[in-house]
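Scroll down for the structure; my scribbles are underneath it.
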Amino acid sequence: MNVLVIGAGGREHALAYKLNQSNLVKQEFVIPGNEAMTPIAEVHTEISESNHQGILDFAKQQNVDWVVIGPEQPLIDGLADILRANGFKVFGPNKQAAQIEGSKLFAKKIMKKYNIPTADYKEVERKKDALTYIENCELPVVVKKDGLAAGKGVIIADTIEAARSAIEIMYGDEEEGTVVFETFLEGEEFSLMTFVNGDLAVPFDCIAQDHKRAFDHDEGPNTGGMGAYCPVPHISDDVLKLTNETIAQPIAKAMLNEGYQFFGVLYIGAILTKDGPKVIEFNARFGDPEAQVLLSRMESDLMQHIIDLDEGKRTEFKWKNESIVGVMLASKGYPDAYEKGHKVSGFDLNENYFVSGLKKQGDTFVTSGGRVILAIGKGDNVQDAQRDAYEKVSQIQSDHLFYRHDIANKALQLK
């Protein structure tokens with residue numbers, strides 16, 4: 001069959017890499033993709049992921065059987081709806097169901113209605129109300145801007161001054177807009193991907209742990225993710241089972257009950273508190289960089305899993321008996337302002353590197369984004385995989401990238 005992947009980042013690079021391994025996939029295309037994907041797929045950087053008509057025309061011309069949508073923005077903009085209306089099979093939720101990521105308030109309200117464990121919250125619609133609320137709220141407080149923010153719309157404020165600063169950042173020059181305040185939850189965070197078709201929810205039996213903060217020791221601002229690893233040895237199978245029973249199954253049923261037909265992967269960003277697992281966030285697609293490490297460890301056929309889900313079958317995932325660690329290299333300055341156009345070399349175009357923000361300039365690759373390239377390490381255990389990942393990092397040549405030195409340290413400290 002002919003498969004089209006939508007997106008240009010490392011997550012889509014990993015999806016294309018994994019789908020390319022399937023005997024079911026005859027031809028693979030990526031829109032817009034990036035030049036690092038050319039060994040595994042036909043890349044069409046001339047079509048943007050926001051050009052829905054261009055994508056539809058291409059899918060018709062190439063007799064595409066399945067479209068796999070990677071990033072959140074096309075989902076929230078309704079690309080899946082347009083493709084389905086024209087007879088294409090799509091892995092990714094429709095516009096209505098994608099609200100579970102597109103609106104933090106939508107997600108909080110549905111969790112509250114169906115008693116799905118999450119932090120207590122308060123929503124405000126005006127800047128002055130936000131400033132009033134923080135005068136007497138419990139600290140630390142989590143401040144979230146409603147809507148998409150590329151993983152950077154969340155600030156944890158430890159003091160009233162920090163909360164005021166967060167409000168200024170969220171509102172800018174505007175006086176109105178939805179901001180959600182949440183009680184700060186303490187515990188161990190983890191990411192659970194769940195394949196969902198209506199009220200059928202099939203969670204991965206392998207979880208990943210992301211590293212959101214920019215710098216070592218979980219310092220600095222939130223980012224889209226600076227690295228990840230799987231499996232997570234200090235999150236037990238019992239916790240995974242409980243997360244499935246109290247979060248994954250109930251949210252699938254709740255969405256369907258509310259009239260939202262979700263088909264695709266639901267990312268559950270969870271935290272293991274003293275009261276059990278609770279939801280931090282939902283995403284309507286694979287995590288990035290979690291997808292890169294999980295799909296590197298997946299032994300079974302991703303395309304077959306997608307078809308099984310479409311047919312309402314409880315698909316069974318199979319995993320390699322190894323640990324995977326992924327370390328993200330980012331442009332200096334990220335997640336704030338950063339320069340583009342700097343040369344990066346020393347890496348091979350293979351399964352050891354997934355590219356997020358590079359483009360070809362002549363014969364060389366130059367930076368084109370904040371997060372640039374993820375180095376993948378593999379080993380019999382987390383320690384060996386971590387060592388291998390940083391060995392891969394050391395091979396990359398550039399004076400304009402930075403990375404965290406402690407990805408997966410938590411697994412080593414808590415084992």
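Numbering starts at 1 and runs along the chain as displayed.
Just so it is clear, glycine is given a Cβ too, placed from its N, Cα and C backbone atoms.
For reference, Swiss-Prot has these:
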DOMAIN    108-311  domain 'ATP-grasp'
BINDING   134-191  ATP binding site
BINDING   GLU281, ASN283  Mg(2+) binding site
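Structure coloured by features recorded in Swiss-Prot.
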{"residue": "ILE134", "record": "ATP binding site", "contacts (Cβ under 8 Å, 6+ apart)": "VAL141, ALA157, ILE160, ALA163, ARG164, ILE167, PHE181"}
{"residue": "VAL142", "record": "ATP binding site", "contacts (Cβ under 8 Å, 6+ apart)": "ALA119, VAL154, ILE155, ILE156, ALA157, PHE181, GLU182, THR183, PHE184"}
{"residue": "ASP158", "record": "ATP binding site", "contacts (Cβ under 8 Å, 6+ apart)": "LEU139, PRO140"}
{"residue": "ALA166", "record": "ATP binding site", "contacts (Cβ under 8 Å, 6+ apart)": "VAL143, ILE155, ALA157"}
{"residue": "GLU174", "record": "ATP binding site", "contacts (Cβ under 8 Å, 6+ apart)": "LYS127"}
{"residue": "PHE190", "record": "ATP binding site", "contacts (Cβ under 8 Å, 6+ apart)": "ILE207, ALA208, GLN209, VAL232, ILE235, ALA270, ILE271, LEU272"}
{"residue": "GLU281", "record": "Mg(2+) binding site", "contacts (Cβ under 8 Å, 6+ apart)": "GLU101, LYS104, ALA107, TYR267, GLY269"}
{"residue": "ASN283", "record": "Mg(2+) binding site", "contacts (Cβ under 8 Å, 6+ apart)": "GLU72, GLU101, LEU266, TYR267, GLY269"}
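The number of other Cβ atoms within 10 Å of the Cβ belonging to GLU182 (ATP binding site), over all protein chains shown, comes to 20.
The DSSP secondary structure for ALA166 (ATP binding site) is helix.
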